[in-house]
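*Asks:* Annotation source Swiss-Prot lists transmembrane segment at 38-58, 69-89, 113-133, 146-166, 187-207, 211-231, 263-283, 292-312, 334-354, 376-396, 405-425, 436-456.
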Amino acid sequence: MEDPLLLGDNQIITGSLKPTPTWRMNFTAELKNLSRMALPMATVTVAQYLLPVISVMVAGHRSELQLSGVALATSFTNVSGFSVMFGLAGALETLCGQAYGAKQYAKIGTYTFSAIVSNVPIVVLISILWFYMDKLFVSLGQDPDISKVAGSYAVCLIPALLAQAVQQPLTRFLQTQGLVLPLLYCAITTLLFHIPVCLILVYAFGLGSNGAALAIGLSYWFNVLILALYVRFSSSCEKTRGFVSDDFVLSVKQFFQYGIPSAAMTTIEWSLFEFLILSSGLLPNPKLETSVLSICLTTSSLHYVIPMGIGAAGSIRVSNELGAGNPEVARLAVFAGIFLWFLEATICSTLLFICRDIFGYAFSNSKEVVDYVTELSPLLCISFLVDGFSAVLGGVARGSGWQHIGAWANVVAYYLLGAPVGLFLGFWCHMNGKGLWIGVVVGSTAQGIILAIVTACMSWNEQAAKARQRIVVRTSSFGNGLA
């Protein structure tokens, strides 16, 4: 069994932390505590993200048309489906994380089951939209050949979306209890499963891009299976996997109360990136622009999952400590997360800049595409810095339960600043894809600044009181779950 997530009485950091000369010792202890969770969570997130990336790479090497179609479908399905499932699960980071900190163990399983049941009808509605994706793209002025490939790919992704409706809540169920090593083992096993399955379906069975999409679905369901087996039979989940049927309706209500703004927060952010990809299809030479911006988005997103892992670990620490009534420890966890982000962003930006002339070949054999990617590499390095900062503070928002503030911050940053700047530079200033990506950088920078201001002005004592009201008082009908 892994180490307890919450700190014991004999450890350096306690709930009565005061600004004394021992602050450096307390920070060091919290940094170690956060790092033990951040590294596995970052690895888990990278492994999960690599599944669709591998599918894009395998399909992209078949032809430029396949790459463009898959890129277009990936953009649309991310913002209309996968971001919704990921965002809704953010409610569990607040509810399950604070319930664990408050030692209200029976609530954790009930929240998780309620989330899974609530996700299924949403998947059905999204799937209907995906069935008509090709016609939608054509009506928006996209290339008919690219739209046909994209529509077929999206339909084959529907099983993957349904799997995410289960996988995301199960991931948060384990994550908020600090059970990150099982998540790590399951994610790596799934990645190793996905690679041969994708190659077999695409090349051996000759299914092309559709095979790449089906491989994602098979791999996601494989991950769901092994996660569910662990939850069912592991002694680590004995106190938390129960379900209180009488409180199902209340759990669903609370799930949507925090899940809807959490999903909005995620979808608004993701939608700017996908909107710019769609806009690139209206530029001169749309196949080149769409392919290059897709590579930039894939690279940026692949890096983003690393600080996202740090943000997930920070969310665990913040939510657990707020639930336990330790607001100053939660505040210290924020500083530790920012410190880890700075180290990670510096290293990754430097590596990308050094490899800027060659990394485009991982996605395409076209020299024209690779040269264009090299030109955009300095902007990607800046994206690494600002996106990572926002990811860490986004974890603070989910752990604290102020997703609604994060959603409004994203509206201002991306739709009032980032998107207008990107469209102006891309179309009116004829900077094409480079101008669109500058808009991304502007939006991400504004998001980070707004979240930083909100975090700096936050009353941690008030957040701890709200956590108790949310978990202990408001839902007193739940069982404690303790022996």
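Note: Cβ is positioned from N, Cα and C throughout, glycine not excepted.
Remember, it's a predicted structure, so these values are computed and weren't measured experimentally.
Let's see these features in context: how buried, what's close, how far.
*Replies:* Using a Cβ-Cβ cut-off under 8 Å and counting only residues 6 or more beyond its ends in the same chain, the transmembrane segment (38-58) has close neighbours at 67, 70-71, 74, 171, 175, 180-181, 183-184, 187-188, 190-191, 194-195, 198-199, 202, 212-213, 215-216, 219-220, 223, 294, 298, 301-302, 305-310, 312-314, 337, 340, 362-363.
Nonlocal intrachain contacts for the transmembrane segment (113-133), taken as residues 6+ away from its ends with a CB within less than 8 angstroms of a stretch CB, comprise 73, 76-77, 80-81, 84-85, 88-89, 91-92, 147, 150-151, 154-155, 157-158, 161-162, 165-166, 168-170, 172, 243, 248, 251-252, 255-256, 259.
Residues 65-66, 68-70, 72-74, 76-77, 81-82, 85-86, 116, 119-120, 122-123, 126-127, 130-135, 137-138, 209-210, 212-214, 216-218, 220-221, 223-224, 228, 281, 286-287, 290 of the same chain lie 6 or more positions beyond the ends of the transmembrane segment (146-166) yet place their CB under 8 Å from a CB of it.
Below 8 angstroms of C-beta separation, residues 43-44, 47-48, 50-51, 54-55, 58-59, 62, 214-216, 218-220, 222-223, 226 of the same chain, each at least six residues beyond the ends of the transmembrane segment (187-207), sit close to that stretch.
Below 8 angstroms of C-beta separation, residues 27, 30-31, 33-35, 38, 299, 303, 306-307, 310-311, 313-314, 317-318, 377-378, 380-382, 384-385, 388-389, 391-393, 395-396, 455 of the same chain, each at least six residues beyond the ends of the transmembrane segment (334-354), sit close to that stretch.
Long-range neighbours of the transmembrane segment (405-425) within the same chain, counting only residues 6 or more positions beyond its ends whose Cβ lies under 8 Å from a Cβ of the stretch, are 261-262, 264-265, 268-269, 271-272, 275-276, 279, 394, 397-398, 431, 434-440, 442-444, 446-447, 450-451, 454.
Outside the transmembrane segment (436-456) by six or more residues, the chain places 269, 272-273, 276, 279-280, 293, 296, 300, 334, 376, 379-380, 382-383, 386-387, 389-390, 393-394, 396-397, 402, 405-406, 409-410, 412-414, 417-426 with a CB less than 8 A from a CB of the stretch.
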*Asks:* Looking only at residues six or more beyond either end of the transmembrane segment (69-89), which have a C-beta under 8 A from one in the stretch?
*Replies:* 52, 55-56, 59-60, 115, 118-119, 122-123, 126, 129-130, 133, 137, 142, 145-154, 157, 161, 164-165, 168-169, 171-172, 209, 212-213, 255, 259-260, 262-267, 270-271, 273-275, 277-278, 281, 290-291, 294, 297
*Asks:* With Cβ-Cβ distances below 8 Å as the criterion, list the same-chain residues six or more beyond the ends of the transmembrane segment (211-231) that contact it, or say none.
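*Replies:* Counting only partners 6 or more residues beyond its ends, the transmembrane segment (211-231) has Cβ contacts under 8 Å with 48, 51-52, 55-56, 58-59, 70, 73, 153-154, 156-160, 163-164, 166-167, 170-171, 173-174, 182-183, 186-187, 189-191, 193-194, 197-198, 201-202, 205, 237, 241.
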